[in-house]
Amino acid sequence: MVGVLIRMKLRVLSHSLGGRRGVSYAIGGLVGLVAAVVSAGFVISHPGGPEVGTTIAAALAAAWTLGWLFGPVLTGGGDETLRPENFALLPVPPTRLAFGMLAASLVGVPPVATLIAFAGLVVAALSYGAGAVVVAVLAVLLQLALAVLLSRVVIAALGAVLGSRRGKDLGVLLAAFVGLAYVPARFAIEALAPLIVGQSSPVFTSVLLDLPTGWGADAVGAAVRADWAVAIGLLLALAVLDGLLVLAWARLLTRRLTVPQAAGRGRAAKTGTERVRRVLLPVSPVGAVVGKELRVWWRDARRRAMLLTSIVIGIFIPVFSSAGRSGIFMLPFAALWIVFFASLQATNLYGFDGSAVWHTLVMPGAARADVRGRQVAWLLIVAPVALLAALVLPGVTGDTTAYPWVLAIVPAMLGASAGVMLVLSVLAPYPMPAQRGGNPFAAGGRPGCSRALLQLGTTLLQFVCAIPAVALLLIGQFDALPVLNWLAVPVGLACGLLAAWWGGRIAYQRLAERGPELLGAVRAPA
């Protein structure tokens, strides 16, 4: 079973990494490998003795394990290259399936990068004899299994907990807090790094080693001291913990394959909001698409999770940063963060629709209305929040000089985002798996670097669109010409409108010309 699943994973990866996707996967792999080598270098070349190396290895193992835990929530879910539903009708016991899925999960760049990062412990143990090396090899393998298993169990548990509507909304808050974790992480690194290297806090060092992520490093430290009973005991404890996680994953897989997802609520009666929406939206193909998209953005768990999480993170990042060294400077510019994060999550709109895109493709002339309607719907959701923040926060913080900057750049970013997200949705779509597990954070098997490159492209085009307004603002700032500052506001608005129109035009022309190829790209794998 293990060998079969590993070969399946390799075959799927080999067939899905051609062309641009293969290049982006290679770039992502290179970045991950560089990070892994740097981590291993810290363990190997630290200036202290074995105790310092053990503590550094435990801290890095904890950091990489946290990355396995929180990374899938931020990047859109765990690895779904092989989905358990593909094996639902086979007579395979859940525990055996979990072992096979674990082995398949170890195939790919992230596990290899993690293995290299942990392997610094093995290199450091070479100076202390063969026994320490054997313990280090076993510890590295068990720590890698712990990181992968924790990630899989957490994602599977999220899928089970977030199956209901309220659970999914709770998941939105969870993702938002995970996204904001960089703020305390930054202060933690600044405060704790001297404690780790200088061994100035025995309590903190003890906590690092007592956590399961530190058991492997602690076992190697015990082997260096020739305390073989402690070393073997820690390795056995780590193996038992991995076994318990496999059993927990097996139970969660059984639930995923046997318990149906909670049914949605029945069609509610038309509310006043629905009637107002019908009155305000034009009776036209574009108006129909706008109405459909507004409903889908709120009702689809994955879209709602991404959108609300982006808005929450965009608001709270400047709030939390204002408590740090940057002072109150970032808070008036929260609107820019809202638009920035909201646009990053909207670069695969047709991937959310999947094979339902064919409804648009078979209707003559529907591509233009579909693209324009999606643009308008996204703007109707994001623009009010961003503009409210732009109008209120500079006045609340007393930084009224930020008004021209915010009011000029926000429209440019909104327009650029509305254009770029449709262009990328058409040019670089990828399939999203069916939500059988009810997890709104589940995404396709697309390599994370591909997603990062799309988001980088969105950011660069937003910056390019805002250049004319920013240039006027800088000239007005340095030459003390307030009229130029306020002239930048209509310039930013004009740039945003032009970017939205131009990007939408490229998108609907591409959709009309290459619709079948897009349909083939976004169809979820069987």
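First residue shown is number 1, and so on along the chain.
Glycine residues also receive a Cβ, built from the backbone N, Cα and C atoms like all the rest.
Automatic prediction, not curation, is the source of TrEMBL annotations.
As given in TrEMBL:
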{"type": "TRANSMEM", "residues": "21-44", "note": "transmembrane segment"}
{"type": "TRANSMEM", "residues": "56-76", "note": "transmembrane segment"}
{"type": "TRANSMEM", "residues": "97-126", "note": "transmembrane segment"}
{"type": "TRANSMEM", "residues": "132-158", "note": "transmembrane segment"}
{"type": "TRANSMEM", "residues": "170-189", "note": "transmembrane segment"}
{"type": "TRANSMEM", "residues": "228-250", "note": "transmembrane segment"}
{"type": "TRANSMEM", "residues": "305-323", "note": "transmembrane segment"}
{"type": "TRANSMEM", "residues": "329-350", "note": "transmembrane segment"}
{"type": "TRANSMEM", "residues": "376-396", "note": "transmembrane segment"}
{"type": "TRANSMEM", "residues": "402-427", "note": "transmembrane segment"}
{"type": "TRANSMEM", "residues": "460-478", "note": "transmembrane segment"}
{"type": "TRANSMEM", "residues": "484-504", "note": "transmembrane segment"}
Give residue numbers and ranges for long-range contacts of the transmembrane segment (329-350): same chain, 6 or more residues beyond its ends, CB-CB under 8 A. 306-307, 309-311, 313-315, 317-319, 321-322, 357, 374, 378, 382, 385-387, 389-390, 393-394, 397, 399, 402, 405-406, 409-410, 413-414, 417, 420-422, 424-426, 428-430, 432, 454-455, 458-459, 462, 518, 522
Dominant neighbour of the transmembrane segment (484-504) in 97-126, 132-158, 376-396, 402-427, 460-478, by Cβ pairs under 8 Å: 402-427
For the transmembrane segment (376-396), distant same-chain residues with Cβ under 8 A (at least six beyond the ends): 286, 289-290, 293-294, 297, 307, 311, 315, 331-332, 334-335, 338-339, 342-343, 346, 402-403, 406-407, 410, 414, 417-418, 421, 500
